[in-house]
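What follows is a short report on a single structure.
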Amino acid sequence: MIVLGIVGKAGSGKSTIASALEKSGAIRVSLDEIGHQALDSMKEEIRREFGECIMTGDSVDRKKLGDVVFNSPKLLERLNRIVHPVIRSVALAKMIDDTKLYVIDGALLHQIGLSEFCDKILWIECSPEETVRRLALRGMTEYKARLILQSQQHLDSLRDSADAIVDTSGDAAATLRKVEEVLFEWGIML
Ligand SMILES: CC(C)(COP(=O)(O)OP(=O)(O)OC[C@H]1O[C@@H](n2cnc3c(N)ncnc32)[C@H](O)[C@@H]1O)[C@@H](O)C(=O)NCCC(=O)NCCS
Ligand SMILES: Nc1ncnc2c1ncn2[C@@H]1O[C@H](COP(=O)(O)OP(=O)(O)OP(=O)(O)O)[C@@H](O)[C@H]1O
């Protein structure tokens, strides 16, 4: 088994890279996706902690919850404490085949306690201006994009400990060529 971690801030290009690697045969473990599922499995605890204002009907409303937690580091930490242990165990349970290449993508790979399972870690980066522009294309307001990036400032300290850094300021095809070069150098074949 080989486990490749892909980290970087919101909108830097992690999902784009991870899904390209998935198309080439790797097994993708998306921490954002697992996190979304965890909101359902931990629904009652989240409802107790944050109240009815973050619910729509009987489901946790991601937009409402995001507006609450990204505005308050204290509340974000409370959400993390509820969902991160679940994300960690669901991610680990997916990685069971010794013959496969697994790609875990997520800004909070280290914080969730998964970096120690990675053989190699790729740091993905892009300028803040371009990142905000890309997040806006995804339908996010500039205000929210900046709030999220602010909540991820602590990630900067991880950059230098990564095994390689890929800048995604160019187009997606150039990014994917760079990633392929790095994997080739590491002897990881897809
Ligand atoms: C707050 C929630 C409900 C907002 O959902 P929504 O669909 O609106 O946003 P989405 O999940 O696409 O996240 C938007 C961006 O914020 C980043 N982000 C998400 N959670 C966090 C967090 N706890 N701390 C910092 N950044 C985060 C994501 O990596 C992404 O770049 C959701 O992100 C969530 O449940 N987060 C807690 C789980 C978590 O830590 N997930 C990230 C795993 S890497
Ligand atoms: N060179 C590039 N490399 C990667 N993504 C790019 C590039 N150029 C533009 N993009 C676009 O940037 C946007 C953000 O990329 P992506 O969703 O992969 O980021 P992310 O790091 O996974 O973000 P998040 O953590 O918020 O989910 C996407 O719409 C993607 O198509």
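Note: Cβ is positioned from N, Cα and C throughout, glycine not excepted.
Taking Cβ-Cβ distances under 8 Å and a sequence separation of 6 or more, the neighbours of Thr16 (ATP binding site) in its chain are Thr168, Ala172, Thr175. For Gly11, Ser12, Gly13, Lys14, Ser15, Thr16, the entry in TrEMBL reads ATP binding site.
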Practice problem: Only counting partners 6 or more residues apart, tell me which same-chain residues put their Cβ under 8 Å from the Cβ of Ser12 (ATP binding site). | Solution: Ile124, Glu125, Cys126, Thr131, Thr168
